[in-house]
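Have a look at the structure below, then the notes.
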Amino acid sequence: VTSVAFSQDGRRIVSGSDDKTLRIWNVATGEVEAELKGHTNWVRSVAFSQDGSRVVSGSDDKTVRIWNVTTGKVEAELKGHTDSVTSVTFSQDSSQVVSGSDDGTVRIWNVTTGKRTALGKFRRIRNVTTGKVEAELKGHTDWVRSVAFSQDSSRVVSGSDDKTVRIWNVATGGVEAELKGHTEWVTSVAFSPKGSRIVSGSDDGTVRIWNVTSGKVEAKLKGHTDCVRSVAFSQDGSRVVSGSDDKTVRIWNATTGEVEAKLKGHTYYVMSVAFSQDGSRIVSGSGDRTVRIWNVMSGKVEAELKGHTDWVMSVAFSQDGSQVVSGSDDETVRIWNVTTGDSQSMFASDIILPDGSRVTKTSPWDFRIFYPLQQPTPSLNSYTQLSDNGHWIMANLRDCCIPSEYRNFECSSIWGSRICLGYQSGRVVIFDITATL
């Protein structure tokens, strides 16, 4: 399970999975209301519209799909991206969808009317019913990791492996600002509630707060000693929370840039963090397979939620703050009671094979984050695998990027720490992974 989200009323959950499906779950009963099929590769990101009537999904099959929650049918298949779609979200009024992709572009799609609007320099707008892109925002020179709308839907922010954050004008499709400063991948971005600031987290270990109007850095938040995986503003905009590979969660004063609390307890990478609506609690999910709920004022753990048997990749609070939902690489979605810490429901995703047998699919990868998804154990030390899209190699529980000029291979063979790739041109290349680790 790669992505989970609550509907605004807290009655439903949507989950996306490596089994190529989305599932809509009834929170009260724990039952599956709908299994949404259509994607032909892993589902990377899912989100509800504000009124809960639609769901949007992004997939490794390079498409964005909009689904009707009541019927479970696809309303639109949005084509245009040329690589995996890693991040999707609705605008506040649900009239538009923004998507970010490994092709280095951010695209805006018109959900409701599909009408043509003014053309910007890098913008192509088409009718959404035809499955064509409404807006293609070009500028990034490497994979886009995270995208988000401002609250008024007038802007989009994107973070990329090209180490930049970009602010886009939705009406014109133009770049309003290119925010430079990070020295490694930008992994997570978010607008403040008022839309005047942006927070970004990076593989360089820093969190930065940017002024949207000036494009300048207001604060560079230092303290993490490893990659920052996830960042978020509190609802009042006074605080920022960040989760890192250094196993900590940090709470920052968004005005002064000072650390208010360093939350310790996780024993492996922190993959996802979120504030409750009232800002009194934080939830975090980790590679240590636990979900933790923290008190913002005291910095103490209120609950350590155990039950997942693999990395926890995505966490979120319900609107009223009474429940937490978590998605894990154990292929389950769990709903937790915040007060008691009990797991109220567990939804499992199985795969039905053509011969009718049932297996539980396990995946050692999550391509949103590009890290091995198995906690180190001696038995896995010699494990080597190619990613499905041919971009990455995992060896000795670490990941290596395959240079772009070597990715379009026709066949491959793995032997120990070596990978042999064959190409249409007749070229054969052998990688010795141990030499790079």
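For all residues, glycine too, the Cβ spot is worked out from N, Cα and C.
Unlike curated records, TrEMBL annotations are generated automatically.
Counting same-chain residues at least six beyond the ends of the repeat 'WD' (1-35), those with a Cβ under 8 angstroms from any Cβ of the stretch are 41-48, 50-52, 55, 57, 59, 61, 67, 69, 72, 313-320, 323, 325-333, 335, 344-347, 349, 351, 361, 363, 366, 368. Positions annotated as repeat 'WD' by TrEMBL: 1-35 (among others).
For the repeat 'WD' (36-77), the model gives a mean pLDDT of 93. Summarising the annotation, TrEMBL assigns repeat 'WD' to 36-77 (among others).
Sequence annotations record features per position, and here TrEMBL assigns domain 'CAF1B/HIR1 beta-propeller' to 54-220.
Feature annotation from TrEMBL assigns repeat 'WD' to 78-119 (among others).
Sequence annotations record features per position, and here TrEMBL assigns repeat 'WD' to 137-178 (among others).
Across the repeat 'WD' (179-220), DSSP helix (H, G, I), strand (E, B) and coil residues number 0 helix, 22 strand, 20 coil. Per TrEMBL, repeat 'WD' is recorded for 179-220 (among others).
According to TrEMBL, the feature repeat 'WD' maps to 221-262 (among others). Here the repeat 'WD' (221-262) has Cβ contacts under 8 Å with residues 184, 187-194, 197, 199-209, 268-275, 277-279, 282, 284, 286, 288, 292, 294, 296, 299, 369 of the same chain, all six or more residues outside its ends.
Under the heading repeat 'WD', TrEMBL lists 263-304 (among others). Sequence-remote contacts of a segment are chain residues at least 6 beyond its ends whose Cβ falls under 8 Å from one of its Cβ atoms, and for the repeat 'WD' (263-304) they are 229-236, 238-239, 241-245, 247-251, 310-317, 319-321, 324, 326, 328, 330, 334, 336, 338, 341, 369, 371, 373, 375.
The repeat 'WD' annotation in TrEMBL covers 305-346 (among others).
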Same-chain residues at least 6 beyond the ends of the repeat 'WD' (179-220) whose Cβ lies under 8 Å from its Cβ atoms:
145-152, 154-155, 157-161, 163-167, 226-233, 235-237, 240, 242, 244, 246, 250, 252, 254, 256-257, 369
With DSSP as the yardstick, break the repeat 'WD' (36-77) down into helix, strand and coil residue counts.
0 helix, 22 strand, 20 coil
Please work out the helix, strand and coil residue numbers for the repeat 'WD' (221-262) from the DSSP assignment.
0 helix, 22 strand, 20 coil
